[in-house]
């Protein structure tokens, strides 16, 4: 029987969840109890950090209690099977299907995987030839087996999630480094003792080795400390403005850049050109010259001298030379790659990273000395759009244009005096090293990095790579991590490293979005005109092969344009099938002019390597600035109309790239789109990734651990089924934390009808709230909804935020409320609401920042504002949209969000082509995997879960196909039914995640309080509530318990108002 190692009691009794094999206890160490947290952590934070530590350390662990509300804090007994290397709970039948929950007053429940086996991380790269490039990617659809340990963490906002991630992961990393150090010393000691050397020689050798290992570390720390001291002195003297903890610097990237950077010759100017100069600037050269790009070499566009220098200073690709790197910070060790959705979230994370202090990676030579502290070495990575300091390049605006221009300035054929002066070179090598050391010494964010680059006159985008080998934490936005090509361009290798994805509730959509592409008919018209103008000017000077390739691109543009024009003409006739749909046969897209015979892989490679898009866009821009006349009236119109629009050929190239990467996981759609004011109707083609599985597999297969964390991650099943379908269940850990607020700070109510016992009519109770797509437009129900909000506004102080399924439906609801109904009295619902609170609407067309500011000003105003009728109102109500601008990234803490109301569930349109295509894919994939699992004695991959919607009286159910009650479900017809249910579950889960994100806008810290009201009869179904965050479910249970004790009605408007009124009375 395994021995139990309990978690220390911190204000609560927490069960043990880490167990060691008594026969091999030396190799199985429990997580520490001290995580260098800047303040005494909550018990849930301790459990979070210990779980994270164990995942990274691959510690063997078991599943503790399966119920979250039990008062019994004793851990269940477990047995360890050394043969199978798995831990078996004493009662496996009670294992929950929903993620475990931790809260401050109940026992933590953790599912930890077996950590006994260390996977192999070796990767054998495939050599790609130029012929391979022209043929395109392999058609193999198999997903590589994942090596990473996987952990899914849910921790509500305000519970210290960021600090828990920081302290848990960096404590493990520093301990890991110290163990490596000790291992080296122990190795020397064993070698010396085995050789029979005298004890004094053994001690001397160990001392020399210890000093040798510590020397490089000490040199680096001294260098970084000198930089930090210099930074402190500069801040004190006011040379850097306000101190680091103060207001962020606002960077002027406009004319000021040109003035501040004026001491260097700016590259890229090309106005007032002669015909000869135009040829040099815009004419395509021989794209197969030695300067041509290798798509597997992200630095292939740079000159030979530049590549050699970047590799020398550690800024080459992952496989580049590093042994020549100067300075003490070149060796690469295990790193933590942290990513989040926005740069502001990354900045907030870096601010949190500055708070804790961690022990040094190398122990002090004298055991009596106080352990040394070591600053965390972090480097933020970003795109050229955020980091470029060359004013002639960053003024281009769009990322594609900036990338093309930057690469163009570094081509081998570009004269040296026209290359970017900020790129690292032999002349500014000292500045490059100073940039690297400054970055590692100061925990910078993106704005700090940009400012440092400007001060040192060195490119932050390239110079930041020099800091990667010495960094412990690398922060970067979603696109740079999720796209394999972006990682390769930055020289990032995930093999053996730790990946932490924060705000991961939308990670599946994020993966799909970074691989999406679209192009409009108007874009194709612009591309055709641009190509025509360019060809007319330069066709006599183009080489034969260049003429062929440009002509091929023209044919492709013409074919795509004809396809969309045909659809647009049919759509004008009112045919519904031609308004939107799926392109079932993609060969039809290029049918015109024989474009379907063109090798698109080769054409795209040509466009990328020849810089054709940049040269054409540059020439059109030049004609615009010069006011040059053309013989083509349409071309003149194109020149005038292109201002402020993204470069069309970059858009085209992105779409063609998606077109060549078609697989079973992607589809092409066409859709008629509403035109901007004053313009003609338009039609677009779009590529959508139906599943993120294959695109995400390159991360899951290589990292040491992949951590998905968020405030509202529930339900968890989809992450397992669609991101990690081939990862064994024992390698996946899930943890759901409760909130830090006391139970009486939260009131949760589900309102399915306005009456306690709704009357029943034909299919729907006449008092029920049914916001399904087919029934939500019922004006009587919309008015009943208005009455509910009117009652809430009467008792809720300060701010009320109501979320609706869509902007369109919000407009519809407001329209009904503004319509006078005789039965509702002399005033409309809208007028009555205005008499209670100031009303604000989240609109697609208005700035969310301005709306939020006005809403906040009213709530915090000392003088109660006047309503349109002249009466004084108390507080304000904001009408917003689930998944809209106000539902994510904005905090309605304290008075701004005393009540959050969710109206309906934002299911997508069930008849949209995108939904139909994804449903078809999910069901086909389910059947394929289900069939494969039945054809072998052991399933080749875990089935997506959940499979069958649970019964109404339970949240836990079995998906075991061998169950006697499911004998007939292997029949094809029944399997199809299971597949349909599975696809429905996917969309229900996605819908609930969006709802959960909106709910999470309230309750932002320990002392905050709010009421949460969910209005729709579907919220009263237990299997729907089971997909809400654990702390919301517990809040609902507590509210129901209190209502019973008070003897109030348990359902309907009366029951809700009684409970909500009582809740806020207790807060006054």
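Just so it is clear, glycine is given a Cβ too, placed from its N, Cα and C backbone atoms.
Quick caveat, the model's predicted, so the values are computed rather than measured.
Matching 498-501, 502-505, 506-509, 510-513 against Swiss-Prot, the residues noted as motif 'DEAH box' span 502-505.
Within the listed segments 228-282, 283-337, 338-392, Swiss-Prot records region 'Disordered' for the stretch 228-282. From the options 891-932, 933-974, 975-1016, the stretch Swiss-Prot describes as region 'Disordered' is 933-974. In this structure, the C-alpha atom of residue 162 (ATP binding site) lies 39 angstrom from that of residue 420 ([4Fe-4S] cluster binding site). With respect to Cβ neighbours within 10 Å, the binding-site residues 156, 158, 160 differ, and 158 shows the lowest count. Distance from the CA of residue 161 (ATP binding site) to the CA of residue 406 ([4Fe-4S] cluster binding site) is 38 Å. In sequence order, 48, 153, 155, 502, 709, 710, 711 are the residues near residue 161 (ATP binding site), counting only same-chain partners six or more apart with C-beta under 8 A. Cα separation, residue 158 (ATP binding site) to residue 388 ([4Fe-4S] cluster binding site), rounded: 35 Å. Taking the Cβ of residue 388 ([4Fe-4S] cluster binding site) as reference, residues of its chain lying under 8 Å away and at least six apart in sequence are, in sequence order, 394, 402, 406, 459, 461. In sequence order, 42, 44, 45, 737, 739, 740 make up the list of same-chain residues 6 or more apart from residue 159 (ATP binding site) whose Cβ falls under 8 Å from its Cβ. Residue 155 (ATP binding site) is surrounded by 28 other CB atoms, counting those within 10 A of its CB over all protein chains shown. Cα to Cα, residue 156 (ATP binding site) and residue 420 ([4Fe-4S] cluster binding site) are separated by 46 Å. Between the C-alpha atoms of residue 160 (ATP binding site) and residue 420 ([4Fe-4S] cluster binding site), the distance comes to 44 Å.
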